[in-house]
Amino acid sequence: MTVMAPRTLLLLLSGALVLTETWAGSHSMRYFSTAVSRPGREEPRYIEVGYVDDTQFVRFDSDAASPRMEPRAQWVEKEGREYWEEETQRAKAFAQTFRVNLQTALGYYNQSEAGSHTIQMMSGCDLGPDGRLLRGYDQHAYDGKDYISLNEDLRSWTAADVAAQITQRKWEAANEAERTRAYLEGTCVEWLHRYLENGKETLQRAEPPKTHVTHHPVSDHEATLRCWALGFYPAEITLTWQRDGEDQTQDMELVETRPTGNGTFQKWAAVVVLSGEEHRYTCHVQHEGLPEPLTLRWEPPSQPTIPIMGIVAILAILGAVVTGAVVTAVMWRKKSSDKKGGSYSQAARSDSAQGSDVSLTACKV
């Protein structure tokens, strides 16, 4: 597999940034690149997306009508025309490098061109609360399996199999680790600082989760308690169930944090409990947007505020009022009938059998 495109292809800052600002917490920048070969077509599809923390900010797709690096966040749109031109050219160069790497990998693994194959890469950097590099990443995969990755020292590689060892030897001979380290410690950190400043209203906000617990009967003797956290940012959150103060991590069902589509996230954790023991379980929520961790319990539905006997009494009173009204109407009509004669009296008796329509019929004289 040939040497990957130099990491210095990212647009460099025109001037050095002073790394003295203190951030609310740790932050990260990641680029995820994927190339998929397609039998019968010369060019594989290449897709690249960039993230700052949990926010996608750029995207490139070689299958687009006019392939270009495109903004996915408002705060990056303020970058000038030169930025987008350089980023587009860099992505296109990576697409060609990945195309060559796919062909090379076929030889390494003795595979034919009849099938579809995939190369993936993730590169990026983490900043600590002090704004300095916490960790750098450069990881590669082939057909969904680890291939080669840069070690935490940013000076050496770990190859996952014999084929990857060929790449490792090539990269060591070309001092690829040194160039990658220079990008991670320099360009990556500088651009992440720039993005955090330009998008601080979005990237450095902390929206606390909206939380509640739901109850779902499983059988006559068991129920599921589900602890919900909705609408929070950033995505990092901890949900834990406890029984009488002891963690129930082994017995929990926990879903991965999911985007809600509006820039926030959601997550839930569930535990199965014996019916009648729900009060022994508490859900504990920790998130950057909370002033302190939350403790939640399932609260059974409250009893009706009006007692049953009160409802019965009200219904009885209403019944008496309606009955009295009907009796009064009938007596009034009988009295009117006696005054006006026989033929109308017969009509009145006939109408009286229509119940609540009596008064309406009486008006049709």
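A Cβ is built for glycine as well, from the same backbone N, Cα and C atoms used for every other residue.
Per Swiss-Prot, the feature signal peptide maps to 1-24; the stated evidence is similarity to another entry.
Note on the topological domain 'Extracellular' (25-308): mean pLDDT across this stretch is 95. Marked as topological domain 'Extracellular' by Swiss-Prot on the basis of sequence analysis: 25-308.
Taken from Swiss-Prot, the feature region 'Alpha-2' covers 115-206. Taking DSSP states H, G and I as helix and E and B as strand, the region 'Alpha-2' (115-206) has 39 helix, 29 strand, 24 coil.
Annotation source Swiss-Prot lists disulfide bond at Cys125-Cys188 (among others), citing sequence analysis. Neighbour count (other Cβ atoms within 10 Å of the Cβ, all protein chains): 26 for Cys188 (disulfide bond).
For 207-298, the entry in Swiss-Prot reads region 'Alpha-3'.
Feature annotation from Swiss-Prot assigns domain 'Ig-like C1-type' to 209-297. Residue counts for the domain 'Ig-like C1-type' (209-297) under DSSP (helix as H, G, I; strand as E, B; rest coil) come to 6 helix, 53 strand, 30 coil.
According to Swiss-Prot, the disulfide bond annotation covers Cys227-Cys283 (among others). All chains included, 27 other C-beta atoms sit within 10 angstroms of the C-beta of Cys283 (disulfide bond).
Per Swiss-Prot, the feature region 'Disordered' maps to 337-361.
According to Swiss-Prot, the feature compositional bias 'Polar residues' maps to 346-359.
Taken from Swiss-Prot, the feature phosphoserine covers Ser356 (among others), and the record attributes it to similarity to another entry.
Here Swiss-Prot flags Ser359 (among others) as phosphoserine, drawing on similarity to another entry.
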Most Cβ neighbours inside 10 Å, all chains, among the disulfide-bonded residues Cys125, Cys227: Cys227
Residue pair Cys188 (disulfide bond), Cys227 (disulfide bond) - Cα distance, angstrom, rounded: 38
Between Cys125 (disulfide bond) and Cys283 (disulfide bond), the C-alpha gap once rounded to whole angstrom: 33
